[in-house]
Amino acid sequence: MTNIRKSHPLIKIINHSFIDLPAPSNISAWWNFGSLLGVCLILQILTGLFLAMHYTSDTMTAFSSVTHICRDVNYGWIIRYMHANGASMFFICLYMHVGRGMYYGSYTFSETWNIGILLLFTVMATAFMGYVLPWGQMSFWGATVITNLLSAIPYIGTNLVEWIWGGFSVDKATLTRFFAFHFILPFIISALAAVHLLFLHETGSNNPSGITSDSDKIPFHPYYTIKDILGILALTLTLMLLVLFSPDLLGDPDNYIPANPLSTPPHIKPEWYFLFAYAILRSIPNKLGGVLALVLSILILAIIPLLHTSKQRGMTFRPLSQCLFWLLVADLLTLTWIGGQPVEHPFITIGQLASILYFLTPLVLMPISGIIENRLLKW
């Protein structure tokens with residue numbers, strides 16, 4: 001068996017990636033989120049496949065087909081809610097994974113980091129299109145508002161929006177193409193994830209100390225496989241508690257009302273995992289400025305490696321940078337809360353201040369703290 005594992009052309013790749021892979025001996029539970037994201041992706045593809053067998057991407061029947069899945073299909077309700085809440089778990093793991101990369105300086109692996117940013121954008125696009133498919137009020141108006149933002153692009157904006165819509169408003173053509181893209185994108189994400197791993201295994205994993213661990217490696221199996229299984233069990237428990245006890249906790253009640261172009265909901269808002277970006281978009285009174293800020297709120301991750309001024313890699317031994325990192329986390333939570341609130345005083349002001357702080361912390365304060373810490377250590 002050992003010979004096949006090490007000599008078979010296909011099994012050999014799996015062996016070098018998940019069994020005999022040399023891994024640092026000191027990586028913490030924060031390194032579990034990569035495998036959890038893989039599990040989430042597989043879960044989403046499988047549940048999505050079964051949903052696609054019963055879903056119809058037509059404006060007249062989309063809402064009814066989702067109701068039919070929940071009421072008439074065997075265990076359709078659990079498949080639907082695992083898919084909806086699985087997306088929330090996916091984003092929790094995704095944000096934790098990105099946060100860990102920022103905290104421990106994993107962004108110095110530039111290829112892995114950049115592929116990761118591309119993955120983040122792709123997952124966000126997939127989730128947005130998936131939210132449109134049930135064709136409830138929030139699906140329809142969310143699609144209308146977010147796609148309409150592209151009209152802020154000079155010269156080509158209006159034509160671009162109508163091209164994406166497939167007409168003069170969000171309608172049957174829009175729903176059909178969103179379903180097609182929502183179906184194909186997870187497979188593209190899988191391919192990108194494989195490239196992400198390929199680049200990671202070129203350099204090897206980072207570790208909490210931030211220094212090279214070449215002198216102290218251990219095999220991935222059994223040490224980290226068992227550790228990953230514990231993480232998967234925790235993820236499964238959390239997901240099933242959510243699905244079985246409060247499946248609609250993270251959803252919007254308005255999405256149980258069929259889409260009606262003649263009636264606008266009082267508060268249009270996306271799913272909770274996009275609220276921070278939505279709050280940044282709303283905090284800028286100018287449409288084009290808001291769209292640019294929205295894109296930059298994610299693209300800022302690509303700038304972070306260029307602004308790394310510290311001579312240490314991670315923040316493990318940098319208390320000043322740690323304070324700023326947790327300030328950024330608190331700011332993100334504030335933005336998430338603001339994104340779900342109506343556009344009125346005092347939420348507008350809080351949102352604007354939180355948006356300024358969101359860009360100020362990684363672009364200005366963190367590089368300065370890196371320089372100060374170098375000076376304090378006489379480097």
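In case you wondered, yes, glycine gets a Cβ from its N, Cα and C as well.
Features reported for this protein in Swiss-Prot:
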- 33-53: transmembrane segment (TRANSMEM)
- 77-98: transmembrane segment (TRANSMEM)
- HIS83, HIS182: heme b b562 binding site (BINDING)
- HIS97, HIS196: heme b b566 binding site (BINDING)
- 113-133: transmembrane segment (TRANSMEM)
- 178-198: transmembrane segment (TRANSMEM)
- HIS201: ubiquinone binding site (BINDING)
- 226-246: transmembrane segment (TRANSMEM)
- 288-308: transmembrane segment (TRANSMEM)
- 320-340: transmembrane segment (TRANSMEM)
- 347-367: transmembrane segment (TRANSMEM)
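Features recorded in Swiss-Prot, as mapped to the structure shown.
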residue: HIS83; record: heme b b562 binding site; Cβ within 10 Å: 21
residue: HIS97; record: heme b b566 binding site; Cβ within 10 Å: 20
residue: HIS182; record: heme b b562 binding site; Cβ within 10 Å: 21
residue: HIS196; record: heme b b566 binding site; Cβ within 10 Å: 21
residue: HIS201; record: ubiquinone binding site; Cβ within 10 Å: 14
Cα nearest HIS83 (heme b b562 binding site) among binding-site residues (HIS97, HIS196, HIS201) -> HIS97
Exercise. Under a criterion of three or more Cβ pairs within a distance under 8 Å and sequence separation of at least 6, are the transmembrane segment (113-133) and the transmembrane segment (226-246) in contact?
Worked result: no
Note to self: Can the transmembrane segment (77-98) be said to touch the transmembrane segment (226-246) if we require at least 3 CB pairs below 8 Å and skip pairs under 6 apart in sequence?
What the structure shows: yes
Sequence-distant contacts of the transmembrane segment (178-198), meaning Cβ under 8 Å and at least 6 residues beyond its ends, amount to 17, 37-38, 41, 44-45, 48, 52, 55, 57, 112, 115-116, 118-119, 122-123, 125-126, 129-130, 132-133, 143
Here the Cα-Cα span from HIS182 (heme b b562 binding site) to HIS97 (heme b b566 binding site), rounded to a whole number of angstrom, reaches 23
